[in-house]
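Under the heading domain 'KaiC 1', Swiss-Prot lists 1-243. Feature annotation from Swiss-Prot assigns ATP 1 binding site to G45, T46, G47, K48, T49, S85, K220, L221, R222, T224, H226. According to Swiss-Prot, the feature Mg(2+) 1 binding site maps to T49. Residues annotated as domain 'KaiC 2' in Swiss-Prot, with sequence analysis given as evidence: 257-512. Among the features that Swiss-Prot reports, ATP 2 binding site is placed at 286-292, W327, R447, 453-455, S457, H459, K461, with the record citing sequence analysis. Residues annotated as Mg(2+) 2 binding site in Swiss-Prot, with sequence analysis given as evidence: T291, E314. If you look up Swiss-Prot, you'll see S427 marked as phosphoserine, on the strength of sequence analysis. Annotation comment: Swiss-Prot describes T428 as phosphothreonine.
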Amino acid sequence: MQFPPASGSTQMQVQKLPTGIEGFDDVCQGGLPIGRSTLISGTSGTGKTVFSLHFLHNGIKHFDEPGIFVTFEESPLDILRNAASFGWNLQEMVEQDKLFILDASPDPDGQDVAGSFDLSGLIERINYAIRKYKAKRVAIDSITAVFQQYDAVFVVRREIFRLIARLKEIGVTTVMTTERIDEYGPIARYGVEEFVSDNVVILRNVLEGERRRRTVEILKLRGTTHMKGEFPFTMGTHGISIFPLGAMRLTQRSSNVRVSSGVPRLDEMCGGGFFKDSIILATGATGTGKTLLVSKFIEDACRNKERAILFAYEESRAQLLRNGTSWGIDFEQMEQDGLLKIICAYPESTGLEDHLQIIKTDIGQFKPSRMAIDSLSALARGVSHNAFRQFVIGVTGYAKQEEIAGFFTNTSEEFMGSHSITDSHISTITDTILMLQYVEIRGEMARALNVFKMRGSWHDKGIREFVITGNGPQIKDSFSNFERIISGVPHRVTTDERSELSRIARGVSSED
């Protein structure tokens, strides 16, 4: 038996058509297979129609590929109006003969259809439109409506299969939508739609905690590879945006340039400041001074004529301006100079994927050299651990990709003593961790600061007193006379104990 030459295998590989949908081509590793059909399945409101329209719109706008939209549900006028909400001028594309909307919606009078079911007429209309407009892409919305109009499921299945076979014969790339009942139940309502399609994509809109979370999953991509699992997505003002975190690569450059924290003593503790492209986390109980450190970080950027952006999820803009004034920081002047942008929003105002999209959009437009989020813990309220972890990875990955220094805060639940920073999924992602906490010394409450971690650099290991004054933060000497500060039960070291420790240290040194 003879095998074809190795070069023939390349020719036989499935070619892919880019959809142009942000993130989706990363998930399917290049796009949808050319000349094949893809089933877009989801419950009501998951974005199936938007996906199919986005597929056609991008084909026309970015790849000069005319498209045909076959509607079995909405009228062409409703489709044009709904698309306009995403900034898509489909009417202009229709007038330019780049897009044709074929209306196959049911008779509004609800008249019964007599005789046997046959799609021959519709198939010929689609075939004619494809030839006339030289279409490369076809979207059918939705085949569920066809099943609902006729009782003979096996006959409808046969006709749908005949339609898809004809489209495949013509060579167009087709997406068609179908409705399912449950988010994690059968793929399609009638249980046959997925068998007549080459590829299956599932859209979900699941209630997690108190919020809805949209995800996309490629269940089947026949003859080619794709990323596995669910990936979050959002529907914004420009359509669908998918966040394929699995496609992120650790290929960003690493800078040796340092930037100041805005607090000279803290810079000394960090070996000369933070790295330019590092992610810094300040974690501690409420009131320990996390927002103050963020403010000084932002102020230092603006003082050096660099742009900075602050995303605040716990305080209003007025509160931030007032608090900044009490520390001698004029945020309002920085805004007027065009060096600072402040975005304030309630975490519950939208989903995490939407917050991530807003962050990426604002950073892309403002182009800052530093960013800050105050705080991550506020965004974690009411969402699953997995959703929050993906959000943090998305934000930090984007910041590193853009070579932006990021300063985030996290509020710990414990008011006194040590607290875990691993439960928030961010301890291993961040480059520098500043731990702030309350300590009781001689019957008075004091604040302590420690550089808990600093990747790739020497840093001070001491636990130092952190004081907030009208002129900002002051970092004083370490609590050298105390131990067990981190545990929350500081113990004063006596003179005898200090002498003994010094003697032991000298003994170890002499043995070396």
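Every residue, even glycine, has its Cβ placed from backbone N, Cα and C.
Feature annotations (Swiss-Prot) mapped to structure.
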residue: G45; record: ATP 1 binding site; DSSP class: coil
residue: K220; record: ATP 1 binding site; DSSP class: strand
residue: T286; record: ATP 2 binding site; DSSP class: coil
residue: L292; record: ATP 2 binding site; DSSP class: helix
residue: E314; record: Mg(2+) 2 binding site; DSSP class: coil
residue: T428; record: phosphothreonine; DSSP class: coil
residue: K461; record: ATP 2 binding site; DSSP class: coil
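Using a 10 Å Cβ-Cβ cutoff, R222 (ATP 1 binding site) registers 13 neighbours.
Over the domain 'KaiC 1' (1-243), the average per-residue pLDDT in this prediction is 86.
In this structure the residues listed as binding ATP 1 are G45, T46, G47, K48, T49, S85, K220, L221, R222, T224, H226; their two most distant Cα atoms lie 34 Å apart. Most buried of the binding-site residues H226, K290, R447, judged by other Cβ atoms within 10 Å, is K290.
Cα to Cα, G47 (ATP 1 binding site) and S457 (ATP 2 binding site) are separated by 47 Å. If you measure from the Cα atom of T288 (ATP 2 binding site) to that of E314 (Mg(2+) 2 binding site), you get 15 Å. Closest by Cα distance to T291 (Mg(2+) 2 binding site), from the recorded positions R222, S427, T428, R447, K461, is R447. Candidate recorded positions: G45, R222, H226, E314, T428. Nearest to R447 (ATP 2 binding site) by Cα distance: E314. Cα separation, S427 (phosphoserine) to S457 (ATP 2 binding site), rounded: 17 Å. In this view, the residue listed as 'phosphoserine' is surrounded by 16 other Cβ atoms within 10 Å of its Cβ, with every protein chain counted. Considering only the binding-site residues G45, T49, K220, R222, E314, the residue whose Cα is spatially closest to the Cα of M454 (ATP 2 binding site) is E314. Reported as a whole number, the C-alpha separation between T286 (ATP 2 binding site) and E314 (Mg(2+) 2 binding site) equals 11 Å.
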